[in-house]
């Protein structure tokens, strides 16, 4: 035991000397983002036993420590039922349950990778992989020609993030911190609200053009307008990323100095549980498994609608987004209960902005490449619902404060929206 203790002491001294001698490592160490495991991988020679030990430890951390992973067996069970039975309702339900832990673990792996990439790139990765589930499901549905499922599921993700996720976060944070007013930075909320209104404008004109029958070429002009608007929206979102991450970086930091210091103190206690390459490997594995399950989920939507006697619109707008937003839902509530509302807004409103300004236009462009007439005509009912939702949330955010009553109002608004789609009949098939 003596030589091993001496070796470990020598290694710790070398690490301390390395951290003090490098300004970058010193800054990383002070931020609480230095992980001793990543240095061990490079400072000691790799061996088969060490690799196997590291793999089992990573599996233990990612798979067995999260209680939500008890739902993982439902994924393989859904695949088995798909080939053994024709019960699309069970296949759809089990696929939903199987995707929930995968979406949550995607968020976890992204957070672990953010320890090594820094907060700026980490925030972008979190928003991107947080919407990976919705994007994968949409691309599978688009490949199968289910354009209305793509439109309604992406619309439902926006509504779910803005009303249900943000509402539950405000409500939970308000209950925990009922004796004080929770504040957040209004600058970021105002910019995101403006982008969401721009997305509403992009969706509204093709729908109005279609229903007023004022197209130059009926059925073609709205598709051409949608493709042009999608390219403009992608440029706007890229400009927004540059504006947020580069030009106006200081404007999006928390204004309250005491709150910033409190966040820094809490961040110092947080350490990554897996290494950088392990996080990248887990992102690849989880994304692949989500892609596989999404295929079975999309195939079972129509049969599930008939067997469960539920409208396809309700399944697409309500059920699918709740599963895809599981990671955002959990993290937004957690950060709100920790009084970190700026991060909560980044998760909920930032995710809605990315779906409306990036994922939807991206699907239009991909459909253009695939020869599918995917457009921004989401029909009048869906477009009006989105427009009213954006207005309600914008009014809620204009004061820069949050409480449990605002959260309760957002949740109740979401219940009204869900009930509306339960009794809504999609007119798209009759129009065609």
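Placed from the backbone N, Cα and C atoms, the Cβ positions cover glycine too.
Automatic prediction, not curation, is the source of TrEMBL annotations.
TrEMBL lists transmembrane segment for one of the ranges 33-58, 59-84, namely 59-84.
Put simply, of 59-84, 190-212, 224-243, 310-336, 404-425, the stretch with the most CB pairs closer than 8 A to the transmembrane segment (279-298) is 59-84. Touching of the transmembrane segment (224-243) and the transmembrane segment (376-397) is concluded from the presence of at least three CB pairs under 8 A, sequence neighbours closer than 6 excluded.
Comparison of 154-178, 343-370, 376-397, 404-425 by number of C-beta pairs under 8 angstroms to the transmembrane segment (190-212) places 376-397 first.
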